[in-house]
Structures are given as structure tokens and as C-alpha cells.
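Peer 1: Found this in TrEMBL, in case it helps:
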type    : residues                   : note
BINDING : L8, G9, C10, G11, T12, M13 : NADP(+) binding site
BINDING : N96                        : NADPH binding site
DOMAIN  : 63-139                     : domain 'Pyrroline-5-carboxylate reductase catalytic N-terminal'
DOMAIN  : 204-308                    : domain 'Pyrroline-5-carboxylate reductase dimerisation'
SIGNAL  : 1-24                       : signal peptide
Amino acid sequence: MGYTLCVLGCGTMGIAVLSGVVQSLDNTSRLAAGAEVAKWESHTPGTVTPTGPPDETSPSRYIACVSRQESAGKLRKIFGALGALGSSIEVVAGQNLPSVEQADVVLLCCKPQVAHTILSEQGMKEALDGKLLISILAGVTINQLSGWVLPSTKVIRAMPNTPCRIREGMTVVSTLPPSQDVDKDHAIILKIFSSIGRCRFLDEKHFDACTALSGSGPAFACIFMEAMADGGVMMGLPRPEALELAAQTLQGAARMVLQGGTHPAQLKDAVTTPGGCTIAGLLAMEDGRVRSTIARAIQIATEHASQLGQPKK
């Protein structure tokens, strides 16, 4: 009943997406058998675990494409560690065209600068005829991609981030073009990306900012987390405990915003008592221009994202 999902250029993000989808479906089977799932999965409202038997909007076959046999061997080990469903992922090297010919939905995960080369392979346009092509390439526009395929190919952009590997991702998807299969395509996309985190549809004009905020954001958050842990170590805490405290504190604050709909400023004010240690620390952060520095990082990353995948001037 399901469809065949092909990942072209299965690197870091391709692995993260496939791993998340496979683990999601595997958890569905375990839940049906009465097994327990990890606590962090059971209370994530943005993550939807598929229920019921697979249908035409659920993948039933997976093909991961890479360019080298060495990479293929590494992927087989990674997917094999995910269990029986992970081991069923077909990993091939140098077989982009035949893989796309067998697929119903194609996820383009290669580096932006090689996308044109891959899509320009002889016979590739015909192989993509009438199929759903989902690109996660930063900076490569729908207009560019549409110029490399036939008009019948349905081109969509998606911007997931690396936490989708543990089903805590944030994916932004471009609005779908009108077609007779728009409802089915919408369901396919939601099942892929909602099973590995939160998923939102936005106009393509917002994608560079989304690339900076949620795509690069985990790296920015890790800098802040590491700095918090360093402060704890400076004040005598052991490194492992300092890092655990910092990570869980950030996770807890984020969940309060997402689950309770509370604005970050409200959370901040709730723990900021007159003359207390929190306001003292906040003023130190303001002295260091933390707010403007973080906001500028998003601005600069957005501007850089707009240049990715574009011809060099």
C-alpha cells in the first residue's frame, strides 16, 4: 500500500530524516505490541507518531543514494543499528537514476552546489516526471529547481534541522502548488516531517530566515549551553553535572514555551525577583550585548543562506 521514498545525496540530513522516519514507524509497531516508549518521546506534542496500518501516504520502501561505496558501507552500519526496519533501507552507490525511476517520492539532500549536476543526469527529468520532489537544499529556490525538471514534477522545498534524528526536529515546508493530488501530497509531507518533529508550512520567501533560525539554530543554542556549563565549572561544579544542568534547563524552558504557550519574557520575569541573583545575571548579559549579538547572528546567517546554491558573482 505504501510508496517508495528515495533520498538523493544521503548525507547528514538524509540520515537524520530517514532515521527519524524509521524510528517513528518502529515505535508505532512497539506501541501496538504494548511496549513502552522513551519518556521524552511520549510528551512531545509537536511530534506525531503514525497510527494504524501503513497506507498510500506512508513509506513502505526506502532507497538511500550516495556517490561512493565507502559511504554506502557506513550508511548500512548506521541504518542497521536501528533494527529490522532500518536494515531494510536499500543503500546504493552511483545509482541515482535507477533509484529515482523506482521511487514515488524523492528527497533531494545533496550539497547545493551539486544539485544541478545530479538533476541534469541524462534521463533524470523523465524519471522525475509526475513525481513529488522535496528539496532540503539551503538557498536553492523552487524556481531554480523547476528549471532543471519537467513541468509535471511537483517541486517542494523543506528545511528540517538535525534534531529530527531524535524526533525533536523543526521543519518548514513551502506551500504546495495546486494539483489533483495536493491532499495526498500534503499528507505524505506531514507524515514524513511530523513524525520527526514539528512541521509548519510557510511561503518560500521566509526560507532563508528559517535556515538561519532553525537550521543553524542548534549550533547557536549549543554555544549558549556550553557557556552556561562553563560558568558552572568556573563556580566549582563538575563538568558532567554542569552540562546536564545546562542542557535540561534549556530543554525545560523550551518546553514551557512550546507546551504552555508562554512568552519567554513571562518566564524570565517569573524567576526574576527584586534584588535576586537572576536580575544580577541578566544585567551582566545585557552588559555583554547578548540579545543583539544573538539576533545579529540570525541576521548574518540569513544573509549568508540567501547566497547558498546561487551562482558565484
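Cβ atoms are placed via backbone N, Cα and C, with glycine included.
All TrEMBL annotations are machine predictions without curation.
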Peer 1: In the same chain, which residue numbers or ranges, 6 or more beyond the ends of the signal peptide (1-24), come under 8 angstroms Cβ to Cβ?
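Peer 2: That would be 47, 49-50, 53-67, 75, 78-79, 82-83, 85-86, 89, 91, 96, 99-100, 102-111, 114, 118, 136, 160, 162, 164-167, 169, 188, 192, 195-197.
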Peer 1: Give me the sequence-ordered set of same-chain residues, not including L8, G9, C10, G11, T12, M13, with a C-beta within 8 angstroms of the centroid of the NADP(+) site's C-beta atoms.
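Peer 2: So the extra residues in range turn out to be V7, G14, I15, V66, C109, C110.
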Peer 1: Taking the Cβ of each of the binding-site residues and counting other Cβ atoms inside 10 Å, which one has the highest number: L8, C10, M13?
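Peer 2: Highest number of other Cβ atoms within 10 Å: C10.
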Peer 1: Within 10 Å of the Cβ of G9 (NADP(+) binding site), how many other Cβ atoms can you find? Include all protein chains, please.
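Peer 2: Result for G9 (NADP(+) binding site): 21 neighbouring Cβ atoms inside 10 Å.
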Peer 1: Based on DSSP, tally up the residues of the domain 'Pyrroline-5-carboxylate reductase dimerisation' (204-308) by helix, strand and coil.
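Peer 2: Counting residues per DSSP class in the domain 'Pyrroline-5-carboxylate reductase dimerisation' (204-308), I get 86 helix, 0 strand, 19 coil.
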Peer 1: In Å, rounded, how far does the Cα of G11 (NADP(+) binding site) sit from the Cα of N96 (NADPH binding site)?
Peer 2: 14
Peer 1: Restricting to the same chain and to sequence separations of six or more, state which residues have a Cβ under 8 Å from that of N96 (NADPH binding site).
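Peer 2: Counting only residues 6 or more apart in sequence, the Cβ neighbours of N96 (NADPH binding site) under 8 Å are L8, C65, I118, E121, M124.
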Peer 1: Output, ordered by sequence, the same-chain residues six or more apart from T12 (NADP(+) binding site) with a CB under 8 Å from its CB, or 'none'.
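Peer 2: Sequence-distant Cβ neighbours: T162.
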Peer 1: Provide the number of Cβ atoms within 10 Å of the Cβ of G11 (NADP(+) binding site), excluding the reference atom itself.
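Peer 2: G11 (NADP(+) binding site) is surrounded by 15 other Cβ atoms within 10 Å.
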